[in-house]
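In what follows, a structure is listed as structure tokens, so that the remarks can point back to it.
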Amino acid sequence: MVLLRLEDRRAACLGLVLSALQKQVSQLPVPYTKQQEEADEYGLCRCCIALAEFTKSFVVEVKRKDGNYATTAEDEELRTELLKFCMRSLREPLLEAELNRNRKSSLWLFATEIMVILPAIQESLSELLFFNSLKKSTLMDNSQLKESRACLAYLLFVQLITMDSFPAVFSPVFVLQCNMEYINQLLSSKKESHLLKGLALYSTSLERVQDNSLPVSLLELKSFYSVPQNLLKVLTDCPMQHLRESGLQVFQLFINKLDAEAKHKFFRCILKTSNHAGVESYVVKNIRNQVAFSMKPGNANKWFLGEEFVSLLGLVLCLPQGAETDLLNSMDRIMESLNLLRYLLIRDEGLWSSTDVWEELGRIQDEYLKMLRVCISISRAYYSAELKALRENQKLKAKEARDAARSTRLVKSITVKHKQVSNMSPDVQNQVLQSALVTFDLMESLIVRIEEITEEKLKISN
Amino acid sequence: MTTDQDLPMDAQSATLVFAAKGIDVTPNKDQGVIKVVKRPGLDGDRPMIGDRVTVHYTGKLLTGKKFDCSRDRKEPFCFNVGKGQVLKAWDVGVLSMQKGEVCTLLCQPEYAYGPAGNPDKIPPSSPVVFEMELLKFEGEMLTDDGGIIRRIKVKGDGYTNPNDGASVDVHLEGSCGGRLFDCRDVNFIVGEAEDKGVPLGVDRAMDKMQRGECCVLYLKPKYGFGSEGKAEYKIGPDKDIVYEVTLKDFQRAKESWEMDLNEKLDLAAGVKHKGNQYFKAGRYFQAVIQYQRIVSWLEMECGTGIEQQKRIQDFILTAHLNLALCFLRIKEYSQVVENCNKVIELDESNEKALYRRGEARLLRNEFSLAMADFQQVLQVNPLKSGSSCSDFHLPEQD
């Protein structure tokens, strides 16, 4: 009330009041569960609603004058303060809050208020989100501003707040491109609330794009490199399973939207940068699917058949650590790679049009299998030795136990213990070692099968 | 006869009506977008590809139902035409309009919302009608500060652009105040155009150009010859210049992730040296580009073994410190702070970083923060107290 009576410098005062209030409110914890939100123990929800109410009269002020072309400096200042309020609110508390359009909680209503204030003060959402039109210095820190915009993008595209008055004429690829910046911001955070929103925004933006349509040039954009890298970090490091699961789905969705050349480049990139056997095996599986797809009539392309493909294959069928490869660690990847190789050999049918390509493949295959055999024999020798030592140790212990039971005195066992492999019990150790050896057998049998197929093909072609 | 009276219509009659009265504006004449002019515009230019256009529009289904209208938002709609930011029909249609023109476009689904339609608003495979008014258009801003404005004369093709480090073959025609001062074919490395006497603005525009593109660049002095001017071209200080650039061919540089670590480390020394040379010559923007290359190559790398890790860290630290210094010269203080922060993350008591951050904060009038930094410098290196004190000075009064 007092502020409304002020004539001059109203905007500056409003600014001070709002920023002081928001500072206090930002210290309140954000509710995590539905129950917490309804209880609103710390009053965060009530405060937000109150703040929104408070700003309404000022918004009306600014709106009333929008008919005239001339706006006073005072109005401009008022607009700026209201804009600052909105941008700050988007970051705190809205970015942390769990919002769901099926359950219109107080924080949801607050979000709606913010989204209504923005166009009312002539801040076009599309300009704000897509065309980077904010006078940066006055507002906030660059990365904070990005967080606010990211939240805005989420509210608009995922929660669909005020979506019906948003222009319907943007192309889905453009929307995806712009949103990638925000998705990157959200996925680089460690906070669950940010990650959830990032994944949802990513998913929604991808869904509107046609399958197999994203061109390779998009991958040259920095955000299109960083987002998948950040996503992979979530998949490999995030402790929350539900995030890893949804993350994997979005990862596959992204792959599905890339066109053939883009997929090729993307797979190359991930194989070169991931250093994680699970991720690599997933990519190799995708590669096999792409080859299968490309072999169907009408789908032939040079990225998964022929010369270009061989370069990709070179990345798949390689052992960067050579003879020191930890086979068990890389098992997933190696098995997928061997399966791919077998698949290629069986489904040949004119795949390898030129003899150069065929020779190149043969060379890659030979080197790979040779090195793999070396690794298997080294690993097998090691694990067999471990298993033998374990058994010897067991026997020794059993003998001692029998001796101790026979004699009445307590004999202090002076067992020469074999070096402890781990803290596991001997039974479990036994199982682990046995299964390791089985794995090597499996790998080897697959290699043998591949060599058989290769032999047959050579016989046929001669 | 306004088209409002004509709706609702079915698809076939709509096509017939429009085709009779209007023109097919699609490049391959497949009747995907047919335009009927309601009010002709000012005779003159049409927008060029990439231009920032401002329109008012109303979108309706053939049933007559309105699904989107800029006037309802009381705000004209802006976008860059011909770049795939909007519906295909718009990219095609708006390019055919003149300033002030009002027209109606009948758009087949392939040029609009396609087989999927738009959930809620547009049924699958629907033709749509747009009434458009072209309010104005202007060149495309390639940088946030409006220092490089581009208008494309001939569209290029292909899907990729040159990146930093790419080798480009261009034809240049530079003019100032209408007078041609530079006309030549030249090959240069993106980021190092300076070496061939090519201004920063042309260099920075490269990564937005396509093979075969011919465009006109309007450069402010910051991106041209600055306050020095260029005597050999008889250009005075602080002049706007115009360059017509044709990108004949280019060879992209390897992506950071395509290079292996040793390759990057080998090249990094050379890049740092180049950066230093630019810095000494006062070419701060160019120096920044070089130092940023080092950062983008190495910031994600871990290295194997302590020695390699140390090499990586040294390069990154030096790069950030040098960037901070460059940004101090260019007066981009928030960038100074960001780079100093990166150094301090790795090395808490790095004297140079603290000092440069202090300087930047001082020049932003963040006095208490600046004091804190300077005090830390003194703590870290009390021997410096003598010389540092003389560097403290009050900000100048305007």
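Cβ coordinates are placed from backbone N, Cα and C, and glycine is handled just like the others.
What TrEMBL lists as domain 'PPIase FKBP-type' is B:50-138, B:165-251. As annotated by TrEMBL, repeat 'TPR' applies to B:317-350, B:351-384.
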Note to self: Are there residues at least six beyond either end of the repeat 'TPR' (B:351-384) with Cβ under 8 Å to its Cβ atoms? List them, or say none.
What the structure shows: 320-321, 324-325, 327-328, 331, 333-334, 336-337, 340-341, 343-344, 392, 395
Item checked: Averaged pLDDT score, the repeat 'TPR' (B:351-384) -> 87
Next item on the list: With DSSP as the yardstick, break the domain 'PPIase FKBP-type' (B:165-251) down into helix, strand and coil residue counts.
Entry: 19 helix, 41 strand, 27 coil
Notebook entry, point to check: In the repeat 'TPR' (B:317-350), how many residues does DSSP call helix, how many strand, and how many coil?
Noted result: 28 helix, 0 strand, 6 coil
